[in-house]
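Peer 1: Can you read through this structure? Questions will come right after.
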Amino acid sequence: MEAVLSALPWVPVNISGSDLLAKAWFGDSQYRVLLTDLSTVWEEEMSTDDIQSRAQDLNKRLRAPAQAFFSHLCSVARPCFSGLDEDQISAAQAALEQHGESLTVKLKSELAGLPFYWEFRCTTTPVAVVCRQLVRPLLAMTLVLQRQAEDLAALLARKDAEIQDYQENGAVLSRARLQTEPFEVHQYKENFITQILPQMNVTLDSLGFDSELQALYMAVNSGKTGRKRKHSPDSSPAAQENHITDHQHISESTDVGPSLASQEHNNAKESGRSQVANSQQTLPLSSTAGSEDRSTSRAKKKKAVGLFR
């Protein structure tokens, strides 16, 4: 269960007006729920027998197998812990109560035309679980995002070098508004911290965890970024293969000039030998014909063409 729960992302939810991060797993006959307000982390784990006992205790008028109770509970509880809008969880009314170190989420719905009550009675989570489910993955995510920023900075540097090469060979922008200054990574970092970051109004109790961060959390926590990070386009296997291919193309294009020159030189030698051999086996041509052959030979010579004419 721990591994399955680790693969799930934290989702921002609002229960009875309180903002929380939730992580919930519902199996065939058991569940486990984690909730946090970034001050405390609560959890509850229940199995079949415990679910049957609590369902009978909270719903005296209902008599049903444990599987029927659990199936209905899943249908009304999953939306509550998935961050959906209130209109989408109208099948159940949710209430939140905190007593000391305990947190209770109360749900009220209908089953077979009768009220169905359920309570998630969560207690504080051990520190080891908090580290496994929250602290370690978030630290790993910061490393991944830092590497992603470094890759983007390196890409911008290569783009600047490419633009400079175009400019040195006479390329001119058609629209002046598109012109940009060369990217300087240290200056950008300083400006981001001193100018942009204060405008973001980021607080330490922010519960923002959007879909992109959820996807990154799942990738990091499932071990997909162990030796080869797959969520950065520049470091993906396809991108690495393309980078190697591009490097080979650059190397091949760099050696094209000498190779063509050497090939033309060898061809000229071969042509010269062939002409000498033919002249020994045939009658001498007139001076006019010789002049025409020489002019034709000069016309057939190739002229080297570079990237810029």
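Placement of Cβ uses the backbone N, Cα and C atoms for every residue, glycine included.
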Peer 1: Suppose you had to name the range Swiss-Prot annotates as motif 'XLM'; which of 13-23, 90-100, 299-309 would you pick?
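Peer 2: That would be 299-309, the stretch labelled motif 'XLM' in Swiss-Prot.
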Peer 1: Count up the helix, strand and coil residues in the region 'Globular head' (1-134) according to DSSP, in that order.
Peer 2: 43 helix, 54 strand, 37 coil
Peer 1: Using a 10 Å radius around its CB, how many other CB atoms surround LEU114 (site 'Leu-lock')?
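Peer 2: A 10 Å sphere around the Cβ of LEU114 (site 'Leu-lock') contains 9 other Cβ atoms.
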